[in-house]
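Report on one structure; see the data block that follows.
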Amino acid sequence: MKTIAILAGDGIGPEVTAEARRILEALNLDITFEEGAIGYAGYVAAGHPLPPATWELAKRADAILFGAVGDPRGDALDRALRPEQAILGLRKQLGLFANLRPATLFPGLEDASALRPEVAREIDMVILRELTGDVYFGEKGLRTTADGKREGYDVMSYNEEEVRRIAVVGFEMAKRRKNKLCSVDKANVLETSQLWRDVVIELSKDYPEVALTHMYVDNAAMQLVRNPGQFDVIVTGNLFGDILSDQASMCAGSIGMLPSASLRAWSGDNGLYEPIHGSAPDIAGQGKANPCATILSAAMLLRHSLDLHDEAARVEAAVSAALKGGARTADLGGTMTTAAMGDAVLAAL
Ligand code: NAD
Ligand code: IPM
Ligand code: MN
């Protein structure tokens, strides 16, 4: 019997995880679900965005299905108590340094993409985002300059081991796909990026079959909308990967479509699975959220943490079939509610 922790969180988090849970339940697997409070909901329930009971559950579970954290009421709290600290803490403390963010265009979603159909149709990439380093976890704070001005700072750094381990995942993933790896950095300006590039080049000697390219992040942002079909695997740092993946989502139709897996290299232990989007306070509680990104995250959970490859493929096929059948939430130009979209996927399953 496997245990899946469901950490629904805030805003649309509970709405989208409920649909993903229904899909998992329909598969009749030998799993139990345990829910934990997190984010602003964790703060309200237990005085902390990542309450001790939730942390214990996360460590104990075979895998975590995560919704989203973030609430406008949390923005006024001390940094350490803000809802977003919960997801950052989970990633860091569980050592989940490899964040897989696949972006593909499901057939029929051409009209939802921000790109022309013939350009959008070519999208089939994975953005591999480093998840436990970079400016997110460097020294940070607020200080006063000599002449009395307030100054905020966040230190960006990567050591070579951090770069090497994510690059290894990138090369290995490229080998299993189209043998193309694009490393995205800002080596023309940042020391952090120069080391990143040097380490990736050193490692490339072990992967002669993989065609390695390098791209500055500003160019990558442009190329993503000009010709996304050129990318197979993109490997990049925490901040660049965060931004580029939101951008890629609109190439693929909607931010409500992109799932993610956060792993320790290839090990699925304690893997965390979440949509790339946030708690969407603007549509929370209205049944408008697209649950597909979370349902597809559940498929990644089945594949990476439970080794259930056929079931994972079944769930993905069901999402695809529902979309082909015309199922659309508002973000995709339709009128379906979150639950109706879940019903459509369930029916296809
Ligand atoms: P967001 O991703 O929550 O929303 C951006 C826009 O996309 C909004 O207009 C929203 O309505 C829309 N959107 C997002 N998900 C959707 C879905 N499934 N279906 C349809 N539309 C969807 O980003 P934001 O507004 O910048 O942030 C809101 C809060 O979420 C903030 O507190 C932020 O810190 C948090 N956040 C959390 C995570 C996470 O938990 N991993 C990720 C991103 C943002
Ligand atoms: C994401 C989010 C988070 C991030 C925030 C909420 C901390 O944007 O998961 O993409 O920046 O990593
Ligand atoms: Mn993000």
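Glycine too: its Cβ is placed from the backbone N, Cα and C atoms.
Listed features, source TrEMBL:
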type	residues	note
DOMAIN	3-345	domain 'Isopropylmalate dehydrogenase-like'
BINDING	Arg91, Arg101, Arg129, Asp218	substrate binding site
SITE	Tyr136	site 'Important for catalysis'
SITE	Lys186	site 'Important for catalysis'
BINDING	Asp218, Asp242, Asp246	Mg(2+) binding site
BINDING	Gly278, Ser279, Ala280, Pro281, Asp282, Ile283, Ala284, Gly285, Gln286, Gly287, Lys288, Ala289, Asn290	NAD(+) binding site
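Here the features listed in TrEMBL are painted onto the structure.
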residue	record	CB count, 10 Å
Arg91	substrate binding site	20
Arg129	substrate binding site	28
Tyr136	site 'Important for catalysis'	18
Lys186	site 'Important for catalysis'	20
Asp218	substrate binding site	13
Asp242	Mg(2+) binding site	18
Gly278	NAD(+) binding site	21
Ala280	NAD(+) binding site	23
Asp282	NAD(+) binding site	10
Gln286	NAD(+) binding site	13
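Put simply, of the recorded positions Arg101, Lys186, Asp218, Gly278, Ala280, the one whose Cα is nearest the Cα of Asp242 (Mg(2+) binding site) is Arg101. Residues near Asp246 (Mg(2+) binding site) in space but far in sequence (CB under 8 A, at least 6 apart, same chain), listed by position: Ile255, Ile276. Checking the recorded positions Tyr136, Asp282, Asn290 for a CB within less than 6 Å of any atom of ligand 3 leaves no residue at all. Fewest Cβ neighbours within 10 Å among the binding-site residues Arg101, Lys288: this applies to Lys288.
Taking the Cβ of Ala284 (NAD(+) binding site) as centre and 10 Å as the limit, one finds 19 other Cβ atoms among all the protein chains shown. If you take the C-beta of Asn290 (NAD(+) binding site) and look for same-chain residues 6 or more apart in sequence within under 8 angstroms, you find Val16, Ser254, Gly256, Met257, Thr329, Ala330, Asp331, Leu332, Thr338, Met341.
Each residue contributes its Cα atom, and for Lys288 (NAD(+) binding site) and Arg101 (substrate binding site) those atoms are 23 Å apart. In this structure, Asp242 are the recorded positions from Tyr136, Lys186, Asp242, Asp282, Ala284 whose C-beta falls under 6 Å of some atom of ligand 2.
A helical conformation is recorded for Tyr136 (site 'Important for catalysis') in the three-state DSSP classification. Rounded to a whole number, the C-alpha distance linking Gly278 (NAD(+) binding site) with Arg101 (substrate binding site) is 14 angstrom. Take Arg91, Arg101, Arg129, Asp218, the residues named in the record as contacts for substrate: the widest Cα to Cα gap among them comes to 26 Å.
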